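Per Swiss-Prot, signal peptide is recorded for 1-19, and the stated evidence type is sequence analysis. For 20-125, the entry in Swiss-Prot reads topological domain 'Extracellular', with the evidence type a curator's inference. Residues or ranges marked as disulfide bond by Swiss-Prot: 26-65, 29-38, 60-88, 100-113, 115-120. What Swiss-Prot records for 45 is N-linked glycosylation site, and it gives sequence analysis as the kind of evidence. According to Swiss-Prot, the feature GPI-anchor amidated asparagine maps to 121, an assignment based on sequence analysis. The transmembrane segment annotation in Swiss-Prot covers 126-146, and the record cites sequence analysis as its basis. Sequence annotations record features per position, and here Swiss-Prot assigns topological domain 'Cytoplasmic' to 147-151.
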(Lines of atoms letter the chains of each structure in order from A and count residues from 1; the text may use other names and numbers.)
(Lines give C-alpha, C1' and ligand atoms only; values in the text may rest on other atoms or scores of the structure.)
Protein backbone atom coordinates (compact mmCIF):
# COMPACT_ATOMS: atom_id res chain seq x y z
CA UNK A 1 0.00 0.00 0.00
CA UNK A 2 2.78 2.43 0.94
CA UNK A 3 4.70 1.60 -2.21
CA UNK A 4 1.59 2.32 -4.29
CA UNK A 5 1.22 5.72 -2.59
CA UNK A 6 4.87 6.51 -3.27
CA UNK A 7 4.54 5.44 -6.89
CA UNK A 8 1.45 7.62 -7.39
CA UNK A 9 3.25 10.60 -5.82
CA UNK A 10 6.22 10.14 -8.15
CA UNK A 11 3.94 9.90 -11.20
CA UNK A 12 2.12 13.05 -10.08
CA UNK A 13 5.38 15.00 -9.68
CA UNK A 14 6.65 13.85 -13.07
CA UNK A 15 3.39 14.97 -14.66
CA UNK A 16 3.78 18.40 -13.03
CA UNK A 17 7.20 18.78 -14.62
CA UNK A 18 5.76 17.67 -17.98
CA UNK A 19 2.93 20.19 -17.74
CA UNK A 20 5.47 22.93 -17.03
CA UNK A 21 7.23 21.93 -20.25
CA UNK A 22 4.07 22.21 -22.35
CA UNK A 23 2.95 25.69 -21.37
CA UNK A 24 5.49 28.49 -21.30
CA UNK A 25 4.34 32.00 -20.50
CA UNK A 26 6.24 35.16 -19.71
CA UNK A 27 5.35 38.28 -17.84
CA UNK A 28 5.04 41.30 -20.13
CA UNK A 29 5.26 44.77 -18.60
CA UNK A 30 7.41 47.90 -18.34
CA UNK A 31 8.15 50.35 -15.52
CA UNK A 32 10.21 53.53 -15.35
CA UNK A 33 11.23 54.90 -11.98
CA UNK A 34 8.29 54.58 -9.61
CA UNK A 35 5.75 54.45 -12.45
CA UNK A 36 4.29 51.07 -13.33
CA UNK A 37 4.01 47.70 -11.63
CA UNK A 38 6.91 45.99 -13.38
CA UNK A 39 9.67 47.16 -11.03
CA UNK A 40 11.49 45.03 -8.48
CA UNK A 41 10.48 43.56 -6.19
CA UNK A 42 7.97 41.97 -8.55
CA UNK A 43 5.24 40.63 -6.29
CA UNK A 44 2.69 39.26 -8.74
CA UNK A 45 1.81 35.68 -9.57
CA UNK A 46 -0.16 34.18 -12.46
CA UNK A 47 -3.56 35.02 -10.97
CA UNK A 48 -2.66 38.51 -9.68
CA UNK A 49 -1.69 39.84 -13.11
CA UNK A 50 -5.24 39.51 -14.41
CA UNK A 51 -6.26 42.36 -12.08
CA UNK A 52 -3.17 44.55 -12.63
CA UNK A 53 -3.24 47.04 -15.53
CA UNK A 54 -0.10 47.03 -17.65
CA UNK A 55 1.04 43.57 -16.51
CA UNK A 56 0.16 40.41 -18.45
CA UNK A 57 1.12 36.74 -18.54
CA UNK A 58 1.45 36.02 -22.27
CA UNK A 59 2.10 32.72 -24.12
CA UNK A 60 5.66 32.49 -25.40
CA UNK A 61 6.39 30.28 -28.42
CA UNK A 62 10.15 30.20 -27.85
CA UNK A 63 9.81 29.37 -24.15
CA UNK A 64 12.42 32.03 -23.33
CA UNK A 65 11.56 34.98 -21.11
CA UNK A 66 13.64 38.08 -20.57
CA UNK A 67 14.06 40.87 -18.08
CA UNK A 68 15.84 44.08 -19.08
CA UNK A 69 17.13 46.65 -16.59
CA UNK A 70 18.03 49.92 -18.28
CA UNK A 71 19.58 53.08 -16.84
CA UNK A 72 21.51 54.18 -13.80
CA UNK A 73 25.05 53.12 -14.69
CA UNK A 74 25.26 50.72 -11.77
CA UNK A 75 21.52 50.08 -12.02
CA UNK A 76 20.81 51.75 -8.69
CA UNK A 77 17.28 51.20 -7.41
CA UNK A 78 16.79 54.88 -6.51
CA UNK A 79 17.62 56.10 -10.03
CA UNK A 80 14.70 58.00 -11.59
CA UNK A 81 15.61 56.78 -15.08
CA UNK A 82 15.75 53.12 -14.06
CA UNK A 83 13.49 51.13 -16.40
CA UNK A 84 12.54 47.48 -16.05
CA UNK A 85 10.94 45.50 -18.84
CA UNK A 86 9.78 41.88 -18.75
CA UNK A 87 8.99 40.10 -22.03
CA UNK A 88 9.00 36.99 -24.18
CA UNK A 89 12.12 36.85 -26.35
CA UNK A 90 12.21 35.26 -29.80
CA UNK A 91 15.16 33.06 -28.90
CA UNK A 92 17.42 32.50 -25.94
CA UNK A 93 21.21 32.26 -25.70
CA UNK A 94 22.95 29.96 -28.17
CA UNK A 95 24.02 27.57 -25.39
CA UNK A 96 20.46 27.36 -23.96
CA UNK A 97 21.62 28.40 -20.48
CA UNK A 98 19.75 30.78 -18.17
CA UNK A 99 21.91 33.82 -17.50
CA UNK A 100 22.16 37.53 -16.75
CA UNK A 101 24.74 39.85 -18.31
CA UNK A 102 25.44 43.37 -19.51
CA UNK A 103 24.55 43.69 -23.18
CA UNK A 104 23.35 46.09 -25.88
CA UNK A 105 19.57 46.11 -26.46
CA UNK A 106 17.85 48.64 -28.75
CA UNK A 107 21.17 50.52 -29.04
CA UNK A 108 21.42 50.99 -25.26
CA UNK A 109 23.62 49.34 -22.66
CA UNK A 110 21.38 47.26 -20.39
CA UNK A 111 21.51 44.40 -17.90
CA UNK A 112 19.50 41.52 -19.38
CA UNK A 113 18.43 38.18 -17.96
CA UNK A 114 17.22 35.16 -19.94
CA UNK A 115 15.32 32.27 -18.42
CA UNK A 116 13.37 29.31 -19.70
CA UNK A 117 10.29 28.29 -17.74
CA UNK A 118 6.70 29.26 -17.09
CA UNK A 119 6.61 32.88 -15.81
CA UNK A 120 10.28 32.67 -14.84
CA UNK A 121 10.96 36.36 -15.53
CA UNK A 122 9.01 37.44 -12.47
CA UNK A 123 11.33 35.84 -9.96
CA UNK A 124 14.59 37.21 -8.62
CA UNK A 125 16.05 33.72 -8.75
CA UNK A 126 15.18 31.47 -11.65
CA UNK A 127 13.12 28.27 -11.65
CA UNK A 128 12.40 26.64 -8.31
CA UNK A 129 10.89 23.44 -9.75
CA UNK A 130 13.90 21.19 -8.94
CA UNK A 131 13.94 22.38 -5.32
CA UNK A 132 10.18 21.84 -4.97
CA UNK A 133 10.45 18.31 -6.32
CA UNK A 134 13.29 17.54 -3.89
CA UNK A 135 11.40 19.02 -0.92
CA UNK A 136 8.33 16.97 -1.81
CA UNK A 137 10.21 13.75 -2.50
CA UNK A 138 12.37 13.63 0.65
CA UNK A 139 9.51 13.04 3.14
CA UNK A 140 7.91 10.50 0.78
CA UNK A 141 11.19 8.66 0.39
CA UNK A 142 11.81 8.76 4.15
CA UNK A 143 8.34 7.38 4.86
CA UNK A 144 8.84 4.60 2.34
CA UNK A 145 12.25 3.68 3.79
CA UNK A 146 10.86 3.59 7.34
CA UNK A 147 8.05 1.32 6.18
CA UNK A 148 10.55 -1.00 4.48
CA UNK A 149 12.74 -1.17 7.60
CA UNK A 150 9.74 -2.11 9.80
CA UNK A 151 8.80 -5.05 7.56
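Every residue gets a Cβ built from N, Cα and C, even glycine.
Keep in mind it's a predicted model, so treat the numbers as computed, not measured.
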Near residue 120 (disulfide bond) in space, meaning Cα within 10 angstroms, which of the disulfide-bonded residues do we find among 26, 29, 100?
26
Measuring Cα to Cα, tell me the gap between residue 45 (N-linked glycosylation site) and residue 88 (disulfide bond) in whole angstrom.
16
Tell me, if you would, which residue among 26, 65, 100, 115, 120 (disulfide-bonded residues) has the fewest other CB atoms within 10 Å in the structure shown?
100
Excluding near sequence neighbours, so keeping only residues 6 or more apart in the same chain, what lies with its CB under 8 A of residue 38 (disulfide bond)?
27, 29, 30, 31, 54, 55, 84, 85, 86
Quick check for the class: what is the C-alpha distance, in angstrom and rounded, between residue 26 (disulfide bond) and residue 100 (disulfide bond)?
16
What average pLDDT does the predicted model assign to the topological domain 'Cytoplasmic' (147-151)?
78
